[in-house]
């Protein structure tokens, strides 16, 4: 779908642009329908100034034909993609119908052929040209302008040639304005105006199409890149006024959740790569939505580990309660997944998890070539160490007692009563901790 002068575009970008063009053609069809209905209403409501015994009234015929073909065009556009040839034919038909309508006025009003050259109906040419400008393709605007200019030229030539004894040409502007004579300069002005408007619109559309291609490309790129960030992080990046810079951060009260698959490293060293990646993908597809459901943001994937935050990227008054609710769902989902894979005779991973709360620093780290949003603080370290403690304690998910207490204060209601592990020694922590077992 690459147009002349455009760089080669990826297929997904080309498809996105085609989708926009299809939507534009549907819009053009509805605009055309609105125009013909308005014209029809104005025609039938306005007083008629031609003789009542006139044998030929072309306007109703022209409006009826145009209405019928517009409806066909709308139905076609909604059912399939309109081919380029049909758009070109549509341009020819629009302008031809208009020029034939203008030509017929001298018959309807029983006047010399030069009479129709003063018809204000010529202004409708610019409506048809503007309609083609709704689609970001200059060629159809230029085609509309050229067909209109050629059509008007033919009408001028008809006036000059229809009566060899009187070409109706004058050089007197006053006589031209007050009679059925024609002033060639005035008629050429109309042609030049049509062509200039078409060229100006075409240039604007060329520039606009370049912006469209760039916008679609960047939009799709941003959409793809946003998959590498939590939605809150992506929103923060796009909303910042000064741009993201390393070394900037904010202090927040937040909950840090860590998940990990027990025995995954051993399985990864023994199983086929496709099996390993399949298990990992299924694990993440099951757990990530549960975290996001309760307002959590994925900070990073670390092999089979998932680190998530609650209240870091976006301040929250219920960060601890949200984290506990998410872990309740994670625990239940992990047990179901374990049972399903066991029943199928497949590797049955155990999922460990932990949560800790406290003041953290949320900000961007890295250099000018690569940045990453992350969290730093005691709660981050504590959560990581509690996750590892599950193996020692034979538990699946644990939280420190302070986090559990805070979650209760924030409205968390446990489905089942939790058991506690008082004053346990956790590797890397200098003081004994009271822990709460979220899932055994």
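Every residue, even glycine, has its Cβ placed from backbone N, Cα and C.
Annotated domain 'Guanylate cyclase' per TrEMBL: 255-387, in sequence order. The transmembrane segment annotation in TrEMBL covers 27-46, 58-76, 88-109, 115-134, 141-160, 180-205.
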Worksheet, complete the sentence: Given the transmembrane segment (115-134), its same-chain partners at Cβ distance under 8 Å and 6+ residues beyond its ends are 24, 27-28, 31-32, 35, 91, 94-95, 98, 101-106, 109, 140-141, 143-145, 148, 152, 155-156, 159, 180, 182, 187, 190, 194, 197-198, 201, 204-205
Worksheet item: So what's near the transmembrane segment (58-76) in sequence-distant terms, Cβ-Cβ under 8 Å and 6+ beyond its ends?
Response: 26, 29-30, 32-33, 36-37, 39-40, 43, 82, 86, 90, 93, 97, 100-101, 104-105, 107-108
Discussion item. Is it possible to list how many residues within the domain 'Guanylate cyclase' (255-387) are helical, extended or coil according to DSSP?
Written reply: 63 helix, 43 strand, 27 coil
Worksheet item: Near the transmembrane segment (141-160), which same-chain residues lie under 8 Å Cβ to Cβ, leaving out any that are not at least 6 residues past its ends?
Response: 88, 91-92, 94-96, 98-99, 102-103, 112-114, 116-117, 122, 125, 128-129, 132-133, 167-169, 182, 184, 187, 190-191, 194-195, 197-199, 201-202, 205
Worksheet item: Across the domain 'Guanylate cyclase' (255-387), what does the pLDDT come to on average, as a whole number?
Response: 88
Worksheet item: Where else in the chain does the transmembrane segment (27-46) make close Cβ contacts, counting only residues six or more beyond its ends and a cut-off under 8 Å?
Response: 59-60, 63, 66-67, 70-71, 73-74, 77, 127, 131-132, 134-135
